[in-house]
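In TrEMBL this protein carries:
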type: MOD_RES; residues: LYS39; note: N6-(pyridoxal phosphate)lysine
type: ACT_SITE; residues: LYS39; note: active site, proton acceptor
type: BINDING; residues: ARG138, MET307; note: substrate binding site
type: DOMAIN; residues: 238-366; note: domain 'Alanine racemase C-terminal'
type: ACT_SITE; residues: TYR259; note: active site, proton acceptor
type: REGION; residues: 369-412; note: region 'Disordered'
type: COMPBIAS; residues: 388-397; note: compositional bias 'Low complexity'
Amino acid sequence: MKDRPLRCWAEIDGSALRHNLSVVRSRIPQETKLVAVVKANAYGHGLVPVARELVKGGADVLGVSNVEEAAELRAAGLGTTPILLLSACLPGEFPMAIECRAWPTISTYEEAKRLNAAAQKSGQRAIAHFKIDTGMGRLGLWGAEAVKELKRAERLPAVDIEAVCTHFSSADEDPERTEAQWAELMRWRPHFAEKALHVANSATLWRKTVYACSFVRVGLALYGLPPMPFLRRLLRPVMSWKTRVTLLRHLCAGRTVSYGATYLLRKAQRLATLAVGYGDGYFRALSNRAQVLVRGNRCRIRGRVTMDQTVVDVTSTTGCKVGDEVVLLGAQGDQVIHAEELARIAGTIGYEIVTAVGSRVPRIYREFHSLPQGGGAPVKSKTRRTGSRQSRSSSSEEGLRESSRNIRSPHP
Ligand SMILES: *Cc1c(COP(=O)(O)O)cnc(C)c1O
């Protein structure tokens with residue numbers, strides 16, 4: 001049963017990833033360190049393969065949300081690249097942060113004290129980055145209070161606070177607010193003048209504040225999603241998401257399609273059933289509204305997206321056959337569907353579209369240059385597949401799976 005076709009899969013394009021990395025690099029000063037943000041399974045693209053490729057391409061630091069993700073990177077053989085934790089650690093997570101040599105982002109003396117205790121217990125020193133709130137309202141304290149906590153934290157014997165950072169709430173939509181946040185940070189800057197600084201996410205790369213910083217933290221742009229619409233032409237989407245036609249039928253006028261019978265055929269149509277649904281992360285909010293690409297044509301979704309299946313209208317698509325490849329996200333012929341398009345329809349942002357692609361969807365890695373786990377021999381094929389279907393593959397490919405959550409055991 002090895003050669004059975006894929007039903008629904010995501011192709012991850014290493015050359016697009018490298019292209020975007022070089023676009024980001026070209027925006028920042030040479031000495032600025034690039035924190036490549038790979039949290040949430042690299043925005044759905046696959047944590048380990050993407051992290052490896054970005055490190056090979058010159059990313060200086062990997063940014064993840066939490067210690068679980070940091071441990072996964074370390075276990076996959078990414079042993080030396082620094083890791084920055086972007087979310088706050090739970091009290092019980094500091095020992096693991098130290099074990100993984102990850103840098104927690106801390107906001108308070110309380111957290112610094114816990115980190116210090118864990119560091120002393122392990123006989124190691126810990127590095128932390130200290131966050132100040134300037135308007136994001138998620139981590140960090142404001143102004144004088146933050147500075148007071150920072151000064152206390154700096155006296156702890158086993159913790160080195162190597163950078164101070166903040167996060168913009170509206171970098172992609174409100175330059176004035178972003179300026180005000182920067183001004184607030186600069187107001188307190190004299191209290192930590194000697195410390196490294198970082199503020200920028202993808203949207204801020206195109207602002208001059210990046211030049212005052214030692215690090216930038218970039219996710220979205222690396223995956224080829226534009227933080228602002230004008231950047232669309234500069235970046236190449238890394239993920240293409242595909243499925244297949246599982247069934248074709250002619251339905252006559254008066255028939256209805258899918259749950260709730262929300263679509264009524266006014267005239268006869270040829271309908272294709274696809275192997276994708278919200279169980280794969282294809283949002284139900286796309287029901288009756290989004291389009292897919294079949295044989296280079298845009299075809300409309302008819303009726304509600306269900307958990308595993310979705311119906312589209314292929315009446316004007318000649319030659320459509322069962323088994324045809326269907327593009328949900330990406331290019332086919334001269335048509336392309338970007339994450340922004342689905343995001344607009346679903347009332348969300350491109351981040352959520354790609355991050356939501358489910359664990360049932362295997363990721364297929366194309367044009368990746370990085371080596372498998374442990375720096376072993378390069379894999380011969382240009383295409384690597386991860387996910388459950390790969391579980392019988394050779395041990396050299398073991399390390400190519402992006403997430404243990406995404407695979408079944410080779411020997412159940
Ligand atoms: C996710 C995240 C980033 C990356 O943001 P993008 O918009 O994807 O570039 C940067 N900083 C912090 C604190 C984050 O949580």
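A Cβ is built for glycine as well, from the same backbone N, Cα and C atoms used for every other residue.
A count of other CB atoms within 10 A of each Cβ picks out LYS39 as the most crowded of the recorded positions LYS39, ARG138. Counting residue by residue with DSSP, the domain 'Alanine racemase C-terminal' (238-366) contains 23 helix, 51 strand, 55 coil. In this structure, the C-alpha atom of TYR259 (active site, proton acceptor) lies 11 angstrom from that of MET307 (substrate binding site).
A helical conformation is recorded for LYS39 (N6-(pyridoxal phosphate)lysine) in the three-state DSSP classification. For LYS39 (N6-(pyridoxal phosphate)lysine) paired with ARG138 (substrate binding site), the C-alpha to C-alpha distance reads 17 Å. Residue density at MET307 (substrate binding site): 12 other Cβ atoms are found within 10 A of its Cβ, drawing on all protein chains shown. For TYR259 (active site, proton acceptor), the count of additional Cβ atoms within 10 Å of its Cβ stands at 13 [all protein chains shown]. DSSP gives ARG138 (substrate binding site) a coil state; it is part of no helix or strand.
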